[in-house]
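A.B. asks: Residues or ranges marked as active site in Swiss-Prot: ASP11, ASP130.
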Amino acid sequence: MLTKRIVAALDIKEGRVVKGVQFENIRDAGDPVELAKKYEKDGVDEIVFLDITASKEKRNILKNLVEEIAKELFIPFTVGGGLKTVEQMVEIIKCGADKVFINSAAVENPNLIKESSKIIGSSNVVVAIDAKKDVESEKYYVYTHGGSKKTDLDAVEWARKCQELGAGELLVTSMNTDGVKKGYDLNLTKQIVDAVEIPVIASGGAGEVKDFIDVFQIGADAALAASIFHYGIYTAKDLKIQLKKVGINVRL
């Protein structure tokens, strides 16, 4: 059985780590370099760095900060936020990131997935999908620009398309559950896991050990969390000990 991964998210705004609830009410959570080092020490398998306002503000990612964090880490480090071209993605890899993720730019130009996977390798291209459930149709729609713009893309169909175009992994965030700490959106995650063969990272809503157990049992390859680590509710090691007890294969 493949090892399940625990991923810590660093949402960056103005050079600081922040955390919101359902993509709003942002509050400060600390220094990114210090937190990255701490999370690695605490047993996290990967770190995802998201410059949360780069896309909205139409500016480039904070490269100096990426370099600074990359220097300190030995675990895989994925970076995204506002990346629009293959050149920018290559630049971020040169700064020390292991993988890059794209979101809004992939929706606007799906060919970017194809081009980037050819140049930096499919396994280094992650497509992030921010999705929200439509109450009337019960369908999940893709949102872009930090969750501020609704598209008419069905999230499950878009996930399939991303795989076809060469994405190596999907980072799926449910906007309905983000930051609420009441559990991952199992319905959305399962629909996407069943639709694709590439790894799926579930994101949005982790609050306790049971949430990780649930999401791994429906087939997620990795589970991303932010609030529970930032506010010291659990360390990755605590989590993994509990997961191991119920037979989930994790790296201790």
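Just so you know, glycine gets a Cβ as well, placed from its N, Cα and C.
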A.B. asks: Using DSSP and collapsing to three states, where does ASP130 (active site) fall: helix, strand or coil?
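C.D. replies: The residue in question, ASP130 (active site), is strand (DSSP, three-state).
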A.B. asks: Run through the Cβ atoms and count how many others sit within 10 Å of the one on ASP130 (active site).
C.D. replies: 27
A.B. asks: Rounded to the nearest Å, what's the C-alpha distance separating ASP130 (active site) and ASP11 (active site)? Just drop the number here, would you?
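C.D. replies: That separation, Cα to Cα, works out to 14 Å.
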A.B. asks: Give me the count of other Cβ atoms within 10 A of the Cβ belonging to ASP11 (active site).
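C.D. replies: Taking every protein chain into account, the count is 24.
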